[in-house]
Structure formats: C-alpha cells, structure tokens
Amino acid sequence: MILKYNSSYRFYLSSSFLQAMEVDCRRYYVRLLQSCSSRNRETLWRQTNGLLLKKGFLSSIVIVANHLLQMYSRSGKMGIARNLFDEMPDRNYFSWNTMIEGYMNSGEKGTSLRFFDMMPERDGYSWNVVVSGFAKAGELSVARRLFNAMPEKDVVTLNSLLHGYILNGYAEEALRLFKELNFSADAITLTTVLKACAELEALKCGKQIHAQILIGGVECDSKMNSSLVNVYAKCGDLRMASYMLEQIREPDDHSLSALISGYANCGRVNESRGLFDRKSNRCVILWNSMISGYIANNMKMEALVLFNEMRNETREDSRTLAAVINACIGLGFLETGKQMHCHACKFGLIDDIVVASTLLDMYSKCGSPMEACKLFSEVESYDTILLNSMIKVYFSCGRIDDAKRVFERIENKSLISWNSMTNGFSQNGCTVETLEYFHQMHKLDLPTDEVSLSSVISACASISSLELGEQVFARATIVGLDSDQVVSSSLIDLYCKCGFVEHGRRVFDTMVKSDEVPWNSMISGYATNGQGFEAIDLFKKMSVAGIRPTQITFMVVLTACNYCGLVEEGRKLFESMKVDHGFVPDKEHFSCMVDLLARAGYVEEAINLVEEMPFDVDGSMWSSILRGCVANGYKAMGKKAAEKIIELEPENSVAYVQLSAIFATSGDWESSALVRKLMRENNVTKNPGSSWTDC
C-alpha cells in the first residue's frame, strides 16, 4: 500500500499513518525505508530516522536499523552512518559489512580496514570487500596479505584479487596465483585468467585454460568465448581466433575488436579492414582497434583519415584521442595535434591521465616544449605515468633540475621513472648523472631492461669510453639482453663513436633488424666517420630490406652527405623524402641541406632554400651561409648573410667580425670601421681564442 504513493506529501502521510500504529510493524518500516532509498529523498530519510529512534525501533529491530544504515552508506554520508552505527545496541554481519563497504567505496580504505579489524566475527563477504577494495585501488600487497590471511579462501575473493592484478598491470602475478592455489575455478575465474593470458600473449597457457574448460564441461558463454578469441588473436593464432568467433551466435564488439587487432598485429591490415567494414553501426571499440592497427603498421595517415570518418558515426573516447595524438607525433603534425587538444577540452577528456600524458609527449616531440609545460601546469590530477611524461618533456628542453624535482615527487618510483631519468641524462650529455642513477638502480635491486642499458651505453659512447661501454654490455649479456635490438643499436653507436666502424658493422650484420633503429645507428656511424658513400649504400639496402625510413633516417643520411660534400646525392635524398615518402622536412632537414649547399659553394641555392622555408629562420642557417661565402669569396652574399645574423642575433660577435673582414678585403675600410664601432656600441665582444698543448 505504501509503495503506491508517489507524491512526497502522500509518502509522508504514509509514515504518519505508521507512526499512529501501536503494533510492531517492522516489515512496513523496512518497505518504507526501501521506498525512501528508491526515491533518494534525504529529508524523508532523516524524518524516518527520527521516527524510528522515537519509537525505539533502532534498538529493538536490527533489520530496520540496518536498512537505514545502508541508505546512508550508499549515499556516501559516512559520518551520519557512523553515528547511527554507534547508537545501535545490536549489530550483525550486515551492520559491520555495510560500514566496511561504505568506507571502502568512499575512498577511506584505512577506516574500512580498522572496522574490519574490530569486527567480532567475519564472513566471506567481509573478506571479499576489503580484498577487492584494496585490489581495485592498486594496493595489491595489502590485498594479497589479507587474502593470505583468510581462514577459508573462496572463489569470489580469488576472482576479485585476480581482477585487481590484471587491472593494475600485473597479469603475470595473476597467473602465478592461479597456478599456486589450484582452485576449483568457476567460469568467472577462467575468463579472468584468460585475460591475463591475452595480456602476456601466453599462448601455451591460454591453450591449457581452454583445455581445462573443455574437459571440465564448463559452459562457454559469450564472455568466455570472447576471451578465448582475444587470447588467440593477441597471440597470433588467427585460425583459432576465427574459429572461436564462429562459435559465438552474436559476436560482441569486444570479440570483433580482438580479431581486428590480431590481424593488424600480424601485418594483415587488409583482412583487418575487411572484418571492420563488414560490421554496421560500429561502436568506438571497433574504431579504436582499426585506428590502432593502422598506427601499429606505420600507416599513420590512414589512421587520421579513418578518424575523420569515425567522427561522422560516433564520438571519440580517450583511447581514440591517445591513438590519434600518437599518429600526429609520428608524422610531426603539430597543428593536428593541437586540434586533438581542442577535442579533448571540448569533450571533457583533458583530465584523462593517458590523454594528458600523450599530449605532453606530442608537444615535446613536435618541438613545442613550452606548450607541454603550460599543459602540465593546468593538469589537476597526476599519476606516475603523467609525471614520467613530464620528466621527458623537461629533459627535451634541457630543464634538468625541473626533471629532477618531478622525479622526487613520484612516491612509488617505477622502473619507467628511473629509465626516464637515465635516458634524459644521457640525451643531455650528463654522463656522470646517467651512471650515478644507473648505479642507484643496481643498489635498489631494480631490474635492468633494454631502456636503462641502452641509455648507459649511449652515455659511454658520448665520451668515447669503449671499455666502460663494453662492461655495461657485459651486464646485458648476463641478463639475456645482448641480442635485444635497442641494446645492440646502442652498441653499434658506441663502436662507431669510438672509431671502430668495422666492429659496429659486425654487430649490425649479426643482429635482428625489425625496424629502422639499427639502420639509423649504422648509417649515423658511417656519417660521423666520414664514410658518406657507405652510408648512402646502406640507406638503399634498407629500402630493399622492406624497412621504411623515418625522418630521423633522412636526417642521418643527409648528415652523411653534408660531412662528405655529396651535394647531388643530398639533393636527390631531400627530394625523395618529400615526393617518394610523403615526409614534410622539418627545420633540421632544411638546416642540414643549407649547410651542405653553402659548404660546396652553392650559396645562392642555399639562400633560396632558406627564403622558401616554411619556418622562422634562425641565425644558425645564415651562419652556415656566411661560412660558405667566406670560404668561396662571395662578398656580396656574405654581407647579406652577416646583416641577417646581426638582425636576428645582435650579440653574435662572429657576424660583426666577418662583416668587417668582408668590407676590409674589398677595400671599404670606412664601412669596416663602422661595423667595428657598431660592435663596440652594442657591447659585443669576441672572446679571444686559445689552445692547449701537452708539455
């Protein structure tokens, strides 16, 4: 009868009606509380609370008090719930569990655990609340300690802990726990463990779980079949993935997404796109899989085109934006990246940690570190991922002290945090700091991976310390990373910078070369040792091997042409970069070409290239032209170059001296004197040269 009243007035009348009754009517009060809860009426909760207190039902009827306690707990009003709990003379499992769960859901994990410890007796639900709560919050050591303390472990709590491990990136630990306990697993357990197999690409383990499902007669629902599709697809067994997909009467988007990603990860992009196109009314998950598949296969332009198509059908999410921003990074499309920043603000995704971190990375790698710093100052919440990204940003613009300060702010420093520091120091030429931090990692017994090893070897290469670099590589051999592509590429760089190009080439010839990184290292090695023709020959072999060059590849091969004066080869490569490979040359490519042309005496062509360049010209390019003019006796163009340098960099003493010399050699002593006078008036001084000799 009570639940038929809809208006607040009638509802209150119903409580007044009950108030007038003199009989014990606990079931009506329970229904009254349920009705209050369903309508989310806080005023009536309080009125009902007062009524129950007045009538003495809170002390005499536990079930009534528990329902009121649950209402306050679920609405996050834990202060009121605590007062009510303290007033209850009798409490049962439900009372304690409600408080434990309420505090856990409100983020007060410590208080929740204190209530759990005070609880006279605990049931399975009590254990599950604290274990799952700490697991979801990422405090896995606490969750595992509680799980180990359970007198009787149950499959529900096990599932919560397994899910927590996978959710927080510890899939390997989830598998280890599953194997250790040897539980009688239910469908949820097996589905969860299959997720771990997919994350780790553990095909053998996935097949074992599949066999266990078949032998045990476990009913395969759509979720379990989807998980099996995901395992086989991620592990590259596309035949089995397709077979499992056929077993699903109505495949969900997660299953299709897994297979689309599987085809893409194996380089079968056309089949991936065919599967994608067969589906109508595609959800964001499918779009994300296809966009990510294009990016994984270095088809970043296709990814951007597909993103534009997506916007006509559905709205992007944080994963979409992160993928598209990564495509912008690969293509060097700063303006498109800025548009993605606007999208993130427009759709409320800017506070997503992954999106913010990717934007920071984009601004840093696309030459706008100040924009990254501005974004970082506007971000309201941080996590380790975002702080690690900011460390890289600060290192990219040489703000080493700021990078150190951010590193100190990270409470739980991960291997990625330490690697960000060693890599940043190495890139900024801080060899001593690189070695110090690597030594600290060793003292803390942190694992050594390819990133830390390659950073330290690169630091050794920067000071041409072959002996120290080989000692670090010996460490790589001990931990089984001597064949790693990144580590081997660093070793090539070490040998070449120490002048042992043949040693570097031997490493290159014997290693696996799946991407452009080792090719870039070897081409750069030839360039720094003045072997331009060898660098160009290796660049051609790279194309024959099916490895697509990047902008960095073109930078190192153009540098080789510059060092060796290979003008015609440089022209062809610069043109091929634009026409054949679709790259837009950046400032560094233009600068290298200008220096190449000016050195070889093609000063007028170099000036034309500078004036046609779609970037703001800095003094360094005009300095290259000025050196070319002085070397080849082009006084008129040298005068123009020197004047441009003085205009852009008024404190550049070299430009004044060279301009004065140009006037003097042409007999215009008056103009030469005026330049010297202007130099003095602007307080520009030239530091005297000096040399050191061993005695």
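A Cβ is built for glycine as well, from the same backbone N, Cα and C atoms used for every other residue.
Sequence annotations record features per position, and here Swiss-Prot assigns transit peptide to 1-64.
The repeat 'PPR 1' annotation in Swiss-Prot covers 61-91.
With helix defined as DSSP H, G or I and strand as E or B, the repeat 'PPR 2' (92-122) counts 23 helix, 0 strand, 8 coil. Taken from Swiss-Prot, the feature repeat 'PPR 2' covers 92-122.
Look at Swiss-Prot and you will find 186-220 tagged as repeat 'PPR 5'. A mean pLDDT of 88 is what the model gives for the repeat 'PPR 5' (186-220).
According to Swiss-Prot, the repeat 'PPR 7' annotation covers 252-282. Residues 198, 222, 225-226, 229-230, 232-234, 236, 238, 241-242, 245, 288-290, 292-294, 296-297, 299, 313-314 of the same chain sit 6 or more residues outside the repeat 'PPR 7' (252-282) yet have a Cβ under 8 Å from a Cβ within it.
Look at Swiss-Prot and you will find 283-313 tagged as repeat 'PPR 8'. Secondary structure of the repeat 'PPR 8' (283-313) per DSSP (helix as H, G, I; strand as E, B; remaining residues coil): 24 helix, 0 strand, 7 coil.
Listed as Cβ neighbours of the repeat 'PPR 9' (317-351) (distance under 8 Å, sequence separation of 6 or more from its ends, same chain) are residues 284, 287-288, 291-292, 294-295, 298, 300-301, 303-304, 307, 310, 358-359, 361-363, 365-368, 375, 379-381, 551, 583-584, 586. Annotated repeat 'PPR 9' per Swiss-Prot: 317-351, in sequence order.
For the repeat 'PPR 10' (352-382), the number of residues in each DSSP class (helix H, G, I; strand E, B; coil) is 23 helix, 0 strand, 8 coil. Taken from Swiss-Prot, the feature repeat 'PPR 10' applies to 352-382.
According to Swiss-Prot, the feature repeat 'PPR 11' maps to 383-417.
Across the range of the repeat 'PPR 12' (418-448), the DSSP-based residue counts are 23 helix, 0 strand, 8 coil. According to Swiss-Prot, the feature repeat 'PPR 12' maps to 418-448.
Feature annotation from Swiss-Prot assigns repeat 'PPR 13' to 449-483. Here the repeat 'PPR 13' (449-483) has Cβ contacts under 8 Å with residues 415, 418-419, 422-423, 425-427, 429-431, 434-435, 438, 441, 489-491, 493-495, 497-500, 511-512 of the same chain, all six or more residues outside its ends.
According to DSSP, the secondary structure content of the repeat 'PPR 14' (484-514) in residues is 23 helix, 0 strand, 8 coil. Swiss-Prot lists 484-514 with the feature repeat 'PPR 14'.
Taken from Swiss-Prot, the feature repeat 'PPR 17' applies to 586-616. Listed as Cβ neighbours of the repeat 'PPR 17' (586-616) (distance under 8 Å, sequence separation of 6 or more from its ends, same chain) are residues 332, 367, 551, 554-555, 558-559, 561-562, 565, 567, 570, 574, 577, 622, 624-625, 627-629, 631-632, 634, 637, 640-641.
Feature annotation from Swiss-Prot assigns region 'Type E motif' to 621-695.
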